[in-house]
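Enquirer: Per TrEMBL, transmembrane segment is recorded for A:12-34, A:63-82, A:94-114, A:126-145, A:152-171, A:183-201, A:213-233, A:253-272, A:305-325, A:345-364, A:390-411. Marked as domain 'Ammonium transporter AmtB-like' by TrEMBL: A:28-406.
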Amino acid sequence: MARNSSHTAGLRVQLPLLCLLFQAAIVILFSFFVRYNHETDSSLWHQSNHSIMDNDFYFRYPSFQDVHTMIFIGFGFLMTFLQRYGFSSIGFNFLLSAFSLQWSTLVQGFLHSFHEGKIYIGVESMINADFCTGAVLISFGAVLGKTSPVQLLLMSLLEVTLFGINEFILLNLLGVKDAGGSMTIHTFGAYFGLVLSRVLYRSQLDKSKHREGSVYHSDLFAMIGTIFLWIFWPSFNSAITHTGDGQHRTALNTYYSLGASTLSTFALSALLNREGKLDMVHIQNAALAGGVVVGTSAEMMITPFGALVAGFLAGTISTLGYKFLMPILESKFKVQDTCGVHNLHGMPGVLGALLGALVAALATHQTYGEGLEKIFPLVAKGHRSATSQAVYQLLGLFVTLVLASLGGGIGETR
Amino acid sequence: MARNSSHTAGLRVQLPLLCLLFQAAIVILFSFFVRYNHETDSSLWHQSNHSIMDNDFYFRYPSFQDVHTMIFIGFGFLMTFLQRYGFSSIGFNFLLSAFSLQWSTLVQGFLHSFHEGKIYIGVESMINADFCTGAVLISFGAVLGKTSPVQLLLMSLLEVTLFGINEFILLNLLGVKDAGGSMTIHTFGAYFGLVLSRVLYRSQLDKSKHREGSVYHSDLFAMIGTIFLWIFWPSFNSAITHTGDGQHRTALNTYYSLGASTLSTFALSALLNREGKLDMVHIQNAALAGGVVVGTSAEMMITPFGALVAGFLAGTISTLGYKFLMPILESKFKVQDTCGVHNLHGMPGVLGALLGALVAALATHQTYGEGLEKIFPLVAKGHRSATSQAVYQLLGLFVTLVLASLGGGIGETR
Amino acid sequence: MARNSSHTAGLRVQLPLLCLLFQAAIVILFSFFVRYNHETDSSLWHQSNHSIMDNDFYFRYPSFQDVHTMIFIGFGFLMTFLQRYGFSSIGFNFLLSAFSLQWSTLVQGFLHSFHEGKIYIGVESMINADFCTGAVLISFGAVLGKTSPVQLLLMSLLEVTLFGINEFILLNLLGVKDAGGSMTIHTFGAYFGLVLSRVLYRSQLDKSKHREGSVYHSDLFAMIGTIFLWIFWPSFNSAITHTGDGQHRTALNTYYSLGASTLSTFALSALLNREGKLDMVHIQNAALAGGVVVGTSAEMMITPFGALVAGFLAGTISTLGYKFLMPILESKFKVQDTCGVHNLHGMPGVLGALLGALVAALATHQTYGEGLEKIFPLVAKGHRSATSQAVYQLLGLFVTLVLASLGGGIGETR
């Protein structure tokens with residue numbers, strides 16, 4: 001695995017120590033605070049006369065497994081398109097994820113489901129832990145090849161914590177909707193990573209040059225990652241939406257949005273190339289932007305037409321980003337975005353947040369019927385107008401951008 | 001990606017233009033015609049007091065995701081066994097699928113679920129769109145390496161349309177049963193592609209020579225495709241069968257049929273080789289014939305024994321096809337079947353249609369009990385005898401062969 | 001595929017003959033004995049007025065597909081880390097599995113569900129057949145590269161039979177709990193393979209030398225196997241546990257155990273290397289030990305804390321095993337464990353059995369509530385004390401070790 005030889009001596013000891021220390025801390029915190037919830041505890045579950053179908057496991061676990069596949073296979077193999085980091089990307093992806101899912105169980109538990117001194121867990125906390133891990137992996141994509149595993153573990157420790165705080169502010173304090181995480185996962189992960197990448201820029205300048213770019217052979221491995229992300233994205237966006245029409249509609253919208261972003265990516269990629277050739281980096285990345293862009297709104301009544309338009313735009317701006325914006329980011333802003341997460345997660349994430357605000361502003365009782373209280377409970381109860389909900393959505397985006405940038409900047413101090 | 005250099009100039013413009021044109025047309029048609037159905041629309045769903053389990057999402061979505069994996073990972077990677085087309089196969093597979101699933105939503109919607117001027121969509125339309133995409137990819141396998149992406153997109157436009165018409169004739173007009181698509185998907189896709197391949201033969205003769213055949217290294221990538229198709233085929237055949245015993249039985253029959261076709265493939269492959277060596281092309285392809293051959297009948301009461309026999313025969317004729325028939329097809333009939341889809345989808349598909357007719361002819365009230373009206377509603381209601389149902393099944397095969405051949409032949413005019 | 005040239009002549013005939021013979025025997029036995037059960041038979045299912053949700057398909061099939069992926073993709077690709085056997089491992093994995101799942105349907109059917117002369121099958125028998133196949137593949141990992149496919153098929157014939165007998169003794173006669181198979185699958189498969197590997201040692205000594213060890217390139221393929229095993233292990237352990245809290249808790253415990261074993265594997269691997277480098281063989285294998293170690297106990301109330309500790313220990317002893325024990329096994333005990341199954345399945349399996357006994361000993365009515373009769377029915381009914389259950393669990397481990405060793409030793413006579 002790629003490491004700075006100057007650091008090797010320290011790392012022999014540092015990486016094992018950090019892993020053991022983190023794992024020990026997690027074990028101790030689990031022993032004090034983490035308990036089975038009423039759906040996973042034998043005694044609690046059997047206290048009342050449940051039907052099996054009352055157990056959320058059967059509505060969430062298949063989605064969880066799809067999300068799990070995206071995190072470990074999807075992100076892991078996608079990053080192999082940078083051949084020099086083929087194994088690092090998968091190996092460190094594995095390490096960071098295994099740590100982050102444990103640590104985020106604690107952070108999210110303390111913030112979201114801390115009752116009488118205990119954190120109660122089940123399949124929904126597993127999904128949320130994987131979601132948080134997704135944000136960490138997005139940031140990893142921005143700094144791939146520039147950091148040691150020790151630095152990456154420290155980054156994860158910080159990012160998981162801030163992710164939980166940001167999510168708490170958005171969902172619990174501001175009443176923002178973001179089931180598929182356009183803001184909380186994609187925007188947060190991308191800008192955290194981009195700011196961190198800028199911080200790491202100076203000292204690494206020479207070494208990192210010429211490291212980007214893919215080769216033909218590694219493209220097939222990368223396509224494993226791309227395709228698994230692409231096919232399971234409907235499960236990602238719908239994993240924690242409301243059961244029934246909510247989950248169903250979210251999967252449907254994401255499916256069509258991805259179809260459209262794939263076509264616009266192929267079109268733009270060929271159009272922008274002098275010889276009309278398709279650029280594999282576009283196909284492997286920008287085609288996925290359709291999943292990111294409907295992260296906030298896929299649960300809402302955006303209509304199948306709206307999903308297609310959103311996906312089309314996302315594929316377009318993402319491909320344009322890889323072609324035109326990325327070189328500028330590096331030369332003018334000194335941000336070396338190794339995997340181009342700004343194009344795949346950053347811009348489509350922000351666009352998704354804006355789209356979510358727009359769709360929220362258009363929400364009416366007529367369109368949503370009795371389902372309005374599931375999607376916009378504060379609007380349904382009359383605590384907020386639809387316009388006001390839209391403003392809160394925008395506020396959520398602002399908070400996310402601020403916290404992500406601050407978080408990425410803290411890396412400088414280390 | 002492989003392209004004819006003589007065409008390159010035009011393609012720089014043609015591919016982007018076609019993608020954008022198709023996507024724009026789809027967006028416009030969606031805006032006029034496509035709406036959420038009662039399970040995906042917030043207002044409609046909440047009009048009546050549903051239990052969550054009334055939503056088909058929970059009975060179909062896991063199967064949908066397995067089918068989705070087969071279409072994008074399975075077909076995509078299987079075709080990498082032809083090393084020269086490694087990336088083309090996956091890239092074009094991706095493009096054609098992303099287009100076809102959108103276009104078939106419209107075609108199938110107009111033909112199958114057009115009510116009061118609108119198409120209503122949900123998870124079942126997603127599965128059907130993926131099924132239609134499967135037929136397109138089968139045809140793609142027959143012409144792989146001989147066509148530009150522009151030609152492939154035009155092929156998809158035509159094939160999706162004819163697929164919908166053929167399916168409408170079989171299922172709606174003739175009352176034929178074909179849940180797993182031995183006829184509508186495999187036979188149709190194979191013969192459409194084979195006729196098209198013959199049409200493309202003349203001009204491509206010299207260039208295509210020596211392009212077939214696999215190399216050791218690409219075999220591992222191809223096995224990713226093979227195995228994902230193999231493991232998820234039970235979900236493919238059962239995805240739109242009746243819930244309860246129907247879905248359960250279909251998955252079971254397919255599972256055992258695939259086991260048997262794998263053993264007969266290994267046996268025949270070693271037996272036919274002078275040194276007793278296994279031919280990887282057989283393993284990667286013929287082992288899958290067990291899934292194709294029970295496409296029509298797996299929902300019926302073929303018995304576990306029947307499933308094994310069907311799979312065994314399918315693996316046998318498929319392997320024999322690769323060994324003996326394929327060279328004849330090329331030399332005598334000028335059909336260059338790049339991936340051998342005639343052996344994997346064509347012959348096993350026809351065999352599956354015949355098997356379906358046989359099993360239909362044997363259907364009795366005693367064997368099916370009250371379930372007869374689910375599997376053969378016209379027989380259960382007394383509108384048809386079992387023998388008559390069998391005749392309609394054969395008629396369905398005939399219609400499929402005719403429409404597929406005509407469709408593939410239209411390609412000549414372009 | 002790798003074969004001994006001296007055997008080739010015979011193999012040209014032997015492999016096809018054996019495949020055809022086995023398949024023919026299975027077809028005949030199926031025709032006499034195997035029938036659809038009440039959930040897969042059209043007539044039986046419709047005799048009573050079922051709700052669709054009474055059909056176990058909807059509670060088991062998603063787990064089945066995850067297990068199926070582990071068996072065919074997970075095990076198949078994991079073994080490619082030994083580059084010389086890249087294709088053999090996947091091809092023979094495919095053949096052995098396709099045979100074993102059919103044969104074990106019969107063996108397990110005769111032993112577990114033989115009613116009035118018939119074996120009745122459904123999704124649960126499919127899962128159990130895949131489980132048995134898992135044990136065969138573990139043994140295959142111990143002898144990879146030393147045996148012909150003919151020998152491997154004969155091994156499978158014997159092992160599947162003994163697996164069924166061992167499972168029958170443990171579950172039916174001794175009343176042992178082992179839902180995820182720490183004993184019946186991992187311990188049994190590992191020690192069967194290890195004893196067989198010792199038997200094969202002498203004649204193969206020279207040829208096998210220098211064959212072990214991975215190369216950089218094949219590592220990416222192996223990681224496909226590792227990650228799919230890792231992500232779906234929660235489904236493996238929970239596939240046949242009790243619906244409701246049981247299945248939910250089992251998945252949760254396995255998820256956290258795997259997280260902890262991954263961190264301890266990374267820590268130990270770097271710590272034990274002179275240059276602090278991570279050893280890919282450790283990452284690809286030992287990180288999975290967390291799934292093995294909770295196979296027996298994940299259904300029980302081990303607490304999330306207990307799952308973490310178990311996983312941590314398993315990753316640790318597994319990595320230590322690869323580093324220190326494996327060379328000793330070869331030099332002192334003449335056991336060449338090609339894939340190191342003793343480290344991944346053997347030791348963690350035994351540890352998992354001991355852990356299961358410990359947790360059983362601690363079972364109380366207070367902890368399990370009314371759920372006690374699901375997890376420990378004999379204890380709940382007062383037929384056994386918790387301590388006595390623990391003793392039976394240990395007896396189960398003993399029986400497994402004896403039968404596996406005897407079984408592996410029988411190989412010598414051939």
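Just so it is clear, glycine is given a Cβ too, placed from its N, Cα and C backbone atoms.
Help me picture these features in the structure, burial and contacts included.
Expert: Proximity of distant same-chain residues to the transmembrane segment (A:12-34), defined by a Cβ-Cβ separation under 8 Å and at least 6 residues beyond the stretch ends, is recorded for 95, 99, 102-103, 105-106, 109-110, 114, 117-119, 121, 148-150, 153-154, 157.
Counting same-chain residues at least six beyond the ends of the transmembrane segment (A:63-82), those with a Cβ under 8 angstroms from any Cβ of the stretch are 89-90, 93-94, 97, 123, 126-127, 130-131, 133-134, 137, 140-141, 144-145, 211-214, 218-219, 221-222, 224-226, 228-229, 232-233, 235-236, 238-239, 247, 280-281, 284-285, 338-339.
For the transmembrane segment (A:94-114), the list of distant contacts is 19, 22-23, 26, 29-30, 33-34, 71-72, 75-76, 120-121, 125-126, 128-130, 132-133, 136-137, 140, 149, 152-153, 156-157, 160-161, 163-165, 167-168, 172: same-chain residues at least six beyond its ends, Cβ to Cβ under 8 Å.
With a threshold of 8 Å between CB atoms, the same-chain residues lying at least 6 positions outside the transmembrane segment (A:183-201) that come near it are 131-132, 134-143, 146-147, 155, 159, 162-163, 166-167, 170-171, 176, 292, 295-296, 333-338, 341-342, 344-346, 348-350, 352-353, 356, 396-397, 400-401, 403-405, 407-409, 411-412.
Distant neighbours of the transmembrane segment (A:253-272): 180, 230, 233-234, 236-238, 278-279, 282-283, 286-291, 293-294, 297-298, 302, 304, 306-316, 318-320, 323; these residues of the same chain sit at least 6 beyond its ends, with a Cβ under 8 Å from one of its Cβ atoms.
With a cut-off of 8 Å between Cβ atoms, the residues of this chain six or more beyond the transmembrane segment (A:305-325) that come close are 252-254, 256-265, 268-269, 272, 279, 281-282, 285-287, 289-290, 292-294, 297-298, 340, 342-344, 347-348, 351-352, 355, 359.
If you look at the transmembrane segment (A:345-364), the same-chain residues 6 or more away from its ends with a CB under 8 A from one of its CBs are 138, 141, 177-178, 182-183, 185-187, 189-191, 194, 289, 292-297, 300-302, 306, 310, 313-314, 317-318, 321, 372, 375-376, 379, 386-387, 389-391, 393-394, 396-397, 400-401.
Away from its own ends, the transmembrane segment (A:390-411) comes close to residues 139, 155, 158-159, 162, 165-166, 169-170, 174-178, 183-184, 187-200, 296, 350, 353-354, 356-358, 360-361, 384 of its chain (Cβ-Cβ under 8 Å, at least six residues beyond either end).
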Enquirer: Is the transmembrane segment (A:126-145) packed against any residues at least 6 beyond its ends, judged by a Cβ distance under 8 Å, and which are they?
Expert: 2, 60, 63-64, 67-68, 70-71, 75, 79, 82, 84-85, 88-89, 92-93, 96-97, 100-102, 104-105, 107-108, 112, 152, 155-156, 159-160, 163-164, 167, 181, 184-186, 188-190, 192-194, 196-197, 200, 208, 211, 239-240, 337-342, 345, 408
Enquirer: Sort out the residues at least 6 away from either end of the transmembrane segment (A:152-171), same chain, that have Cβ-Cβ distances under 8 Å to it, and list them.
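Expert: 15, 18-19, 22, 92, 95-96, 99-100, 103-104, 107-108, 110-112, 132, 135-136, 139-140, 143, 178, 183-184, 188-189, 192, 196, 396, 399-400, 403-404, 406-407, 410-411, 414.
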Enquirer: Which value does the mean pLDDT take for the domain 'Ammonium transporter AmtB-like' (A:28-406) in this predicted structure?
Expert: 92
